[in-house]
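Asker: Okay, these came from Swiss-Prot:
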type    : residues               : note
BINDING : Cys17, Cys53, Cys82    : [4Fe-4S] cluster 1 binding site
BINDING : Cys150, Cys154, Cys157 : [4Fe-4S] cluster 2 binding site
DOMAIN  : 8-118                  : domain 'MTTase N-terminal'
DOMAIN  : 136-373                : domain 'Radical SAM core'
DOMAIN  : 376-441                : domain 'TRAM'
Amino acid sequence: MSNVTHQPKIGFVSLGCPKNLVDSERILTELRTEGYDVVPRYDDADMVIVNTCGFIDSAVQESLEAIGEALNENGKVIVTGCLGAKEDQIREVHPKVLEITGPHSYEQVLQHVHHYVPKPKHNPFLSLVPEQGVKLTPRHYAYLKISEGCNHRCTFCIIPSMRGDLVSRPIGDVLSEAKRLVDAGVKEILVISQDTSAYGVDVKHRTGFHNGEPVKTSMVSLCEQLSKLGVWTRLHYVYPYPHVDDVIPLMAEGKILPYLDIPLQHASPRILKLMKRPGSVDRQLARIKQWREICPELTLRSTFIVGFPGETEEDFQMLLDFLKEARLDRVGCFKYSPVEGAGANELPDQVPEEVKEERWNRFMQLQQQISAERLQEKVGREILVIVDEVDEEGAIGRSMADAPEIDGAVYLNGETNVKLGDIVRVKVENADEYDLWGSRV
């Protein structure tokens, strides 16, 4: 008679942004610690968890399709994540879903799993769960989420209604997690949240402790502490508060990467007011000039929305003029899309789709030209590159100016004598609108 017991298996689908990816990693870590096996196929799983995104309508549709696929292929499905905050919307399309929870409801998800697929008899000390937890990124970089929620009420966004107001993680916990990641071989930490520059606002920047030492709960203090770990530290989702100025000297000193992801959204004061975003374009241009004087190597990434309700040709021209003057390095642009529950839906003068498309094309054409010129300035220079891929044809990596998934790449043709996560010096030989080509020095 066999005494082998069945190890319960869970399928997992993770959608959406890096913040959602971190939530998925946390759930998967708990499941693995409890003895569940995580499998890549629907038909091998006892149950499937779908971690959804609900930020824009296309993300909602993708999430609903993923839920439907999991139901068709497996039948036992738990839904969590941002779209989970709209249970009625999910039930209307997929009434057979077993349970639905909102974002960062880790304990609820685990309780539901226990109910439908009981926990195995398991000794966690015999498991192979790494100390840093289960990660869905390559081993050499990882996302470090420092807070949940957001205190802003931008009219195009529904994140606060799904994830709530800002809740900062204790700085000691954040720094301990960062140390575990570095000890596990991570070479690049990507700091994320809904609003990274607001870190600690909700707790009045109280003093926390790490390794017995007092540390202020703030973005600047966090950056100073992370710089001691000796790895690349990259800041994402930074709202343009005045104290952002204080991290630029840290970048100039090489303590954190000279890279700032700062979503500006528009340049017309009138449109920014309708968006409920800060609206002084002249001040932003002056700050960008000052930042570059302090840190000439600074890479600026931003995102913008065209076709926002009420946007006139004059407003759009202000945006193009801003691009010409700011000469940002990395830029994303979205055509405004109504999101159920967003305040902007009630605004008058909705922009026709064909006008949005035409403005988006003009925006992208201008920014591609600027990006190509900025990258051409790097030809002939030596830069540091972290290796992301290696095959028989060569290696692909990223410079300090490139975040994974969203920015450009550096191609090292014929360079096969490197490993994932290696940081190598490269001489840039060629460039296009987004990418660089070079050879190892």
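For all residues, glycine too, the Cβ spot is worked out from N, Cα and C.
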Asker: Among the binding-site residues Cys17, Cys53, Cys150, whose Cβ has the fewest other Cβ atoms within 10 Å?
Answerer: Cys17
Asker: An 8 Å radius from the center of the Cys17, Cys53, Cys82 Cβ atoms defines the neighbourhood of the [4Fe-4S] cluster 1 site; name the other residues of that chain inside it, in order.
Answerer: Leu15, Gly16, Lys19, Asn20, Thr52, Gly54, Phe55, Ala59, Gly81, Leu83, Pro103
Asker: For the recorded [4Fe-4S] cluster 2 site, enumerate neighbouring residues of the same chain (Cβ within 8 Å of the Cβ centroid of Cys150, Cys154, Cys157, site residues themselves excluded), in sequence order.
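Answerer: The answer, listed by sequence position, is His152, Arg153, Phe156, Ile158, Ile159, Pro160, Gln194.
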Asker: Tell me the residue counts in helix, strand and coil for the domain 'MTTase N-terminal' (8-118), as DSSP assigns them.
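Answerer: Its residues divide into 58 helix, 22 strand, 31 coil.
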Asker: Which ones in the same chain are close to Cys154 ([4Fe-4S] cluster 2 binding site), with CB under 8 Å and 6+ residues apart in sequence?
Answerer: Gln265, Met275, Lys276, Arg277
Asker: In the structure shown, which of the binding-site residues Cys82, Cys157 has the fewest other Cβ atoms within 10 Å?
Answerer: Cys157
